[in-house]
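To keep things clear, I will list the structure first and then write my remarks on it.
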């Protein structure tokens, strides 16, 4: 029995879906359940191994769709500059280095190559661009060997990608992919041709040779849902619901508008062996909705998408008046509201600090806001970090997200005994924040009046630090966190997979 977990992409600023999968990988390892994590997107900006290792996957757990048809293993980049140069005819006349970019010039051939290093202080090359007569003609991608190339031709005075090639370890061609208008149009193998990605995905799933006791867990389905459903029927199919699954405002007693990311799965729920949600509240709502709006009654299991190996206690006293938030720095996380609230609250609590962990598209904008407020001394952007031992140094966790399917950072925060302040929204905040006991739930309205929101945060921040209840609230957070200890989540996964195995044996 193997558990195959299907996702689309992964990046350095991964979403909660990828972190949920990484937690799941740890749990499945601990209960000795063989598992694979499959990524279906084209990922060439970075070696996928660097991205998956970064959040805790093991190389042998990873299947990348486009690499699957080769004999090249998922592995870190180790090809060196010297190895790259050895494959280029002639000797470079000069070179330039700036950060992680090294450029070699061959004026006798009117060409240069640009090497992109994995790290500035190393000579491992992730990919190389070849420019001839001022035009980009090829890119090569490396791990421990070259695993892919992209070919370009001039079109409308711009380099246009027209072909990708994937290799075996010995350098022979595994297959070619033809590109038209930036879209994958054709996949040419030595013994077959596919004319769409759907056909390629179907062939891939058939190559897995799924058995009755295998389990396919679909984490994201955009563009692949129908094929996965059809090819997984010989195994057991599970679907994980990672977010709010319906639009409350657009639903009525006669009609429900499912979240478009789950519409296909819910519409075809009779083909699903089980759904997984992260909270009991979401399970209750989804069960009621299936009863009310459909004739399908699928199995729904509640399994937290993360877990805590143990509760974490501070090794030294927490820093007074210290606050932390952690998330992707994206617009929907509304970190700007937390910055504004901290600036206002700081006027009354001059020792107040806020550390912001995470990376994302809003980072530069947030940095400017902090600088414009003159708040650099007490609001800091901390980037990515392993937060497991960091939370316990703070006194309060803030979240301004208006929708959180579970909230891994909320779980981690209560596991380190932090009180929390966030909106009274399903499901994560209402699960981890017991209003008035380990923090505060703030009212939220659909129109998001910014001044009112910021004022509400300011009021509760000042209240929490002024009432002297931090220790009492901290203890209540630890009590909430006990429900998410790894031992309990392991038991939930063991039970679900046992039920699946028993059912497949019938």
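Cβ coordinates are placed from backbone N, Cα and C, and glycine is handled just like the others.
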Q. Looking at Swiss-Prot, 405, 406, 407 are annotated for N-acetyl-D-glucosamine. Which of 242, 245, 292 sits in that same site?
A. 242
(Q) Among 302, 409, 431, which residue does Swiss-Prot annotate as binding UDP at the site that also has 16, 17, 18, 19, 328, 357, 383, 384, 385? (A) 409
(Q) Using the alpha carbons only, what distance in Å do you get between residue 406 (N-acetyl-D-glucosamine binding site) and residue 16 (UDP binding site) once rounded? (A) 9
Q: Determine, from DSSP, whether residue 407 (N-acetyl-D-glucosamine binding site) sits in helix, strand or coil.
A: coil
Q. Other than 242, 405, 406, 407, which residues of the chain come within 8 Å of the N-acetyl-D-glucosamine site, judged by Cβ distance to the Cβ centroid of those residues?
A. 16, 20, 243, 278, 305, 404, 408, 427, 428
(Q) Measuring Cα to Cα, how many Å separate residue 405 (N-acetyl-D-glucosamine binding site) from residue 16 (UDP binding site)? (A) 9
Q.
Measuring Cα to Cα, how many Å separate residue 242 (N-acetyl-D-glucosamine binding site) from residue 16 (UDP binding site)?
A. 8
Q.
Let me make sure I understand the span of the UDP site: among 16, 17, 18, 19, 328, 357, 383, 384, 385, 409, what is the greatest distance between any two Cα atoms, in Å?
A. 20
(Q) When secondary structure is assigned with DSSP, how many helix, strand and coil residues does the region 'C-terminus R-fold-1' (196-306) contain? (A) 40 helix, 20 strand, 51 coil
